[in-house]
Amino acid sequence: KWPETGRLALYLLGLRATCPPPDPSAQRSLVTWLKYHLEEDWAGSRRHGRPLTSYYQYSLGVLALCVHRKRVREEVIRRLLTAEHHGRFGHAGGGATDTEAVAALAFACLEREQLVGSRLAAELRAAARGARRRMVEAQSPDGFFGNVYSTPWAMQLFIATNACQTQPAYGRAMAVLLENLDAFTAAATMAQALPVLHGRSYLDIASMRCQEELDTLTPLSPQPLPAMPGNVTVRLVVECPEPRCPQRRLYDRPLPAPAGASLLDVLSVATAQGPHNFTFDTRDTPQGPFLTQVLGLEARPQKRLYWQLLSAPNTSLPMGVADYRPRDGETLILRLSEW
């Protein structure tokens, strides 16, 4: 089974960054597959006028092809431009800074690598600048662009468009990023933040001179998080909107958990607390476990359904189920939502 668009795109970005052996046949095959997935991604949901997966994955695919200096059909590019012009990157939980940033990075890459004509290049340049301007305007008081994980994506856009030295918003974002580095525990999220800490973006991968790269990678053994004494009580609520679920609130119960436990640990506690027969399931992704099913209700990408993670009353969690550490007395909501 071949990876979906986003995962294959991330793999190709990582492959290019590791300076693979000179034989290009394997890379060429993967690039061909990515082009195929981009077309299938759109064709699978053509009547809705959007990718079957998401604009985030679609943008990653265009960015990965550009970094490998492969031309992208103008129609594929214009699909992203149209979505950017009409503000289609948002979802039910609010904005989508990461999607807009990845799309803008793809635009900047296509222009820089001169993979498009002059007229389209001008449109892409304007779109990237517009995305950057909106991020500055929407920067939160604490300095984040969106949340802790979308912030490195936005910062990469500032770096790629040579705006990090002249834009105060970038400095504020760097300060808050440095204060929250412990949030980046998954390989994929680390890979988004590390280039920023060195003043680089994914666009720099395209111009790497591999013969000058030293083999300095050494494996690290992850250290377990220190145990924290005591227990916390977390209220877990599961919601499903009408008319899909007439009763709407499917689960509402306080749960004990060890101090420092993750939301994933809390869900495991819920499965052992009868007689409610709480069930859930996850799927491994590069960003960590992704919640796919709760109480028999599935997150279905083809139906644009996902499990939204919230801190009551309506604050989206900045981390995934394996990384978020609930506070004592906090109410956490799992809400089946449409993006």
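Glycine residues also receive a Cβ, built from the backbone N, Cα and C atoms like all the rest.
Record features, source TrEMBL:
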| type | residues | note |
| --- | --- | --- |
| BINDING | THR53, SER54, TYR55, TYR56, GLN57, ASP98, ASN147, GLN192, TRP307, GLN308, LEU309, LEU317, TRP339 | cyanocob(III)alamin binding site |
| DISULFID | CYS66-CYS109 | disulfide bond |
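Around the Cβ of LEU309 (cyanocob(III)alamin binding site), the same chain contributes LEU263, LEU291, SER316, LEU317, GLY320, VAL321, TYR324, LEU332, ILE333, LEU334, each under 8 angstroms and 6 or more positions distant in sequence.
A separation of roughly 24 Å, to the nearest angstrom, links the Cα atoms of ASN147 (cyanocob(III)alamin binding site) and CYS109 (disulfide bond). For the pair formed by CYS109 (disulfide bond) and GLN57 (cyanocob(III)alamin binding site), distance between Cα atoms is given as 16 Å, rounded to the nearest Å. Of all Cβ atoms in the protein chains displayed, 23 besides its own lie within 10 Å of the Cβ of TYR55 (cyanocob(III)alamin binding site). Summarising the cyanocob(III)alamin site geometry, the residues cited as binding it (THR53, SER54, TYR55, TYR56, GLN57, ASP98, ASN147, GLN192, TRP307, GLN308, LEU309, LEU317, TRP339) extend over a maximum Cα to Cα distance of 23 Å. In this structure, of the binding-site residues TRP307, TRP339, the smallest number of CB atoms within 10 A of the CB marks TRP339. For the pair TYR55 (cyanocob(III)alamin binding site) and CYS66 (disulfide bond), the Cα-Cα distance reads 16 Å. GLN57 (cyanocob(III)alamin binding site) sits 14 Å from CYS66 (disulfide bond), counting Cα to Cα. Each of the binding-site residues GLN57, ASN147 was scored by how many other Cβ atoms lie within 10 Å of its Cβ, and the smallest score goes to ASN147.
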